Amino acid sequence: MNVADLLSHLETLLSSKIFQDYGPNGLQVGDPQTPVKKIAVAVTADLETIKQAVAAEANVLIVHHGIFWKGMPYPITGMIHKRIQLLIEHNIQLIAYHLPLDAHPTLGNNWRVALDLNWHDLKPFGSSLPYLGVQGSFSPIDIDSFIDLLSQYYQAPLKGSALGGPSRVSSAALISGGAYRELSSAATSQVDCFITGNFDEPAWSTALESNINFLAFGHTATEKVGPKSLAEHLKSEFPISTTFIDTANPF
């Protein structure tokens, strides 16, 4: 199997062309005719991740956050140059899937959580189309116990919260990463909790005034889910060594 074959499989799986994304999905650096020898999957194509891909002897690196984004300057200098240089020196092909790996209904950063935690009455959630998030219901649980459950799932501590909702919860909406602005949409949906990665000042008063619990577990922690699920999927689909790289980014 070469990189072009892998890309064909990923495109069929993730349907990237239906998304208006913030950067290019698919092959960002490399040659599509390169044979796939070993695959590494990670959250972000930063220098540490690329170094670990080199150490793992992977020649394909699939990430959620690639190198190129809309509005970037054209010159390849500084940290971007260092990343690309290391990829090329070690013949690592870089593939990125951003919003498609948020929104996927079984492998994505959002739906995978809801499925793993046995939420029911699941439906798409968010203010953009295609919808990126998910909302659903579950057996009533104290908010502190719900936070502990999510912390164990994400293997990360709660980074920020504004507990404006009920102390006993049975519904939630979830969009991973930097989606704290979707808190208002969650309040409109009348769920008890909104779960995301990042937070900022407006989330505090919005949660308290909208009678909803806001929970942030970190951008990276909430966006490991999809890449990990994708790595497991590729292991089951192809007889090619596949590994997940975790740089332990606490943000």
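Our numbering is plain: 1 for the first residue shown, then up by one each step along the chain.
Note that Cβ sites are derived from N, Cα and C of the backbone, with glycine treated the same way.
Because the structure is a prediction, the values reported are computed rather than measured.
Features of the protein shown, as given by Swiss-Prot:
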- H64, D102, E223: divalent metal cation 1 binding site (BINDING)
- H65, H219, E223: divalent metal cation 2 binding site (BINDING)
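The distance from the Cα of D102 (divalent metal cation 1 binding site) to the Cα of H219 (divalent metal cation 2 binding site) comes to 12 Å. Shown in sequence order, S176, G177, G178, G197, N198, F251 are the residues of the chain, 6+ apart in sequence, with a C-beta less than 8 angstroms from the C-beta of H219 (divalent metal cation 2 binding site). For the binding-site residues H64, H65, the ranking by surrounding Cβ atoms (within 10 Å, all protein chains) places H64 first.
Look at H65 (divalent metal cation 2 binding site): DSSP puts it in a strand. Listed in chain order, the extra residues whose Cβ falls within 8 Å of the Cβ center of the divalent metal cation 1 site residues H64, D102, E223 are V43, H65, H98, L101, G108, N109, S176, G177, T222, V225, G226, P227. Cα separation, E223 (divalent metal cation 1 binding site) to H65 (divalent metal cation 2 binding site), rounded: 10 Å.
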